[in-house]
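Here the structure is laid out as structure tokens; the discussion comes afterwards.
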Amino acid sequence: MAPTVERKKIDLAPLKAANVPIFFIVGGPGSGKGTQCDKIVAKYGLTHLSSGDLLRDEVKSGSPRGAQLTAIMESGALVPLEVVLDLVKEAMLIAIEKGSKGFLIDGYPREVAQGQQFESEIQEAKLVLFFDVAEETLVKRLLGRAETSGRADDNIDTIKKRLHTFVTSTAPVVDYYESKGKLVRINAEGTVDDIFGVVVANLDKVTSKI
Ligand SMILES: Nc1ncnc2c1ncn2[C@@H]1O[C@H](COP(=O)(O)OP(=O)(O)OP(=O)(O)O)[C@@H](O)[C@H]1O
Ligand SMILES: Nc1ncnc2c1ncn2[C@H]1C[C@H](O)[C@@H](COP(=O)(O)O)O1
Ligand SMILES: [Mg+2]
């Protein structure tokens, strides 16, 4: 049986009242989500929240919630929806207090239900950027990153499982937002700067008011 997850009541009123734009950033493991988000932050001043980073911080904090997460992440599976959404909500509220003018939610949603729950409880995403990269390239990039990242999931066994999770759980997210007309599919096989050029062309269409 799955362990019970402790949940706190989170008051989302300040976040909803701020009504700032929210962008979901989706792509396979190693597709360059974090790399592109760093560049988007530098140009547009949006707040970057990576669900993976929030989970890793929770593990490092030594909290009871964190203790349940290590095994899941090292197995390449997805962490339960409620755990991730609570962490994202808490981080968004802190950022809103500091005057955030919008969010890049990186690595979220990983399954359609995550997107639906986020959007029903918080707010609709303005756009979903999907970084489209072939599996062979993802593996090469992740094995390259493994040399310096220190990430417990940057090893070939976990990479294979994460790729499987992407195909089975996250690929439907791409179809879901495409059918809603919110998906921006970006071929992310090129250089970091070329990809960023395409990102900018798409964000400039919707961020004139930021
Ligand atoms: N366009 C690119 N060409 C070559 N290497 C890249 C490119 N974009 C990112 N990388 C490299 O690939 C690796 C993975 O990139 P990054 O960490 O941004 O991916 P990610 O999508 O955030 O991965 P994860 O889902 O595992 O967090 C890093 O070592 C990064 O430097
Ligand atoms: N949105 C998420 N839902 C469930 N599990 C998640 C989510 N974001 C990250 N995770 C878990 C599972 C991933 O393999 C690891 C690492 O995430 P990453 O975005 O690759 O840093 O964390
Ligand atoms: Mg990342």
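Here the Cβ of each residue, glycine as well, is placed from N, Cα and C on the backbone.
Taken straight from TrEMBL:
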{"type": "BINDING", "residues": "Gly30, Ser31, Gly32, Lys33, Gly34, Thr35, Arg145, Gly190", "note": "ATP binding site"}
{"type": "REGION", "residues": "50-79", "note": "region 'NMPbind'"}
{"type": "BINDING", "residues": "Ser51, Arg56, Ala77, Leu78, Val79, Gly107, Tyr108, Pro109, Arg110, Gln114, Arg151, Arg162", "note": "AMP binding site"}
{"type": "REGION", "residues": "144-154", "note": "region 'LID'"}
When the region 'LID' (144-154) is classified with DSSP, how many of its residues are helical, how many are strand and how many are coil?
-> 6 helix, 0 strand, 5 coil
Fill in the CA-CA distance, Gly190 (ATP binding site) to Tyr108 (AMP binding site), as an integer in Å.
-> 23
Taking helix as H, G and I and strand as E and B in DSSP, count the residues of the region 'NMPbind' (50-79) in helix, strand and coil.
-> 21 helix, 1 strand, 8 coil
Which chain-mates of Ser31 (ATP binding site) that are at least 6 residues away have a CB under 8 A from its CB, listed by sequence?
-> Phe131, Asp132, Val133, Leu138, Arg141, Ala188
Can you count the other CB atoms that lie within 10 A of the CB of Tyr108 (AMP binding site)?
-> 26
By the DSSP assignment reduced to helix, strand and coil, which category contains Ser31 (ATP binding site)?
-> coil
